[in-house]
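One structure is given below, encoded as structure tokens.
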Amino acid sequence: MGNASNDSQSEDCETRQWLPPGESPAISSVMFSAGVLGNLIALALLARRWRGDVGCSAGRRSSLSLFHVLVTELVFTDLLGTCLISPVVLASYARNQTLVALAPESRACTYFAFAMTFFSLATMLMLFAMALERYLSIGHPYFYQRRVSRSGGLAVLPVIYAVSLLFCSLPLLDYGQYVQYCPGTWCFIRHGRTAYLQLYATLLLLLIVSVLACNFSVILNLIRMHRRSRRSRCGPSLGSGRGGPGARRRGERVSMAEETDHLILLAIMTITFAVCSLPFTIFAYMNETSSRKEKWDLQALRFLSINSIIDPWVFAILRPPVLRLMRSVLCCRISLRTQDATQTSCSTQSDASKQADL
């Protein structure tokens, strides 16, 4: 009886024509406004950096790195997804009709579900590309310098869009199916009837794990860079002029600071996506016979949508001064802990060299 009740409730949600009484567009309106505003602010900040980079001399033109190119593509993807998805929901609330009834042959429902799966996958692929770029930059610098270029980053976006388009078009080819969910303001992959939803969720999980693995590798390499720079302080400081060891050490410190800033930004975006994807992942792996609540399904979708709202605000808030503050807080204890050890090591080496001279 319980399974039959769940099946009938699911079928009612899939074919419902009118929204239930009391449904409010307030949350959807706030999410749409926050998403558009945040992405526009982030794009404006990135555009200013692009203009500043164009105005720089050739020797300083590396200030806009490949990482910032990928961030620009991520923000553009989030803005495009917000502008193409949210208006459909607002139109449904305005007409008090479900997505199935909003257009003939459930076209609005199919469009919404396809766009939702497409932009969610594209966002995760962009985060993976950013994490892979950091991994190659830190872990394999020679390969990175020879094979990876800033102009090559411009090709990442169309490649990601092509992959996402092919994967998300499978339900249109009868592998999987897009259906409407309660209260009728959103559509997604049919739950439990095919393996496509589990395949989609598994792909997102694999991408999240890959991003976390790349970030962990970057953290280990940054720790090694910190230890090397700490040991180099014990060496002679001769040739502090241009091109000397002093200049090299300053360049290493600047490079490490920039990499740490990029890692902080990428780590926060990755954690955000992982947290926002968790309810959807639980929703995807739940059994069809379990008692799923309408509100839980809707909250899972909203959590997945929130990621495209948070990402640009993270970039807009974490400006270089804020990143420097966070870096100083994160590194303060390590520096204080290692300062005494560094001085002790340096004095020990100095005493040993004096005894050798005697």
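The count begins at 1 with the first shown residue.
Cβ from N, Cα, C; glycine included.
For Cys187, the disulfide partner named by Swiss-Prot from the candidate list Cys83, Cys109, Cys276 is Cys109.
With respect to the membrane, Swiss-Prot annotates Phe188 and Arg227 as residing on opposing sides. Cα-Cα distance from Cys109 (disulfide bond) to Asn96 (N-linked glycosylation site): 15 Å (rounded to the nearest whole number). In the three-state DSSP scheme, Cys187 (disulfide bond) falls into the strand class.
In this structure, the CA atom of Cys187 (disulfide bond) is 16 Å away from the CA atom of Asn96 (N-linked glycosylation site). Long-range Cβ proximity for Asn96 (N-linked glycosylation site), meaning a same-chain Cβ under 8 A and a gap of 6 or more residues, is found for Trp18, Leu19.
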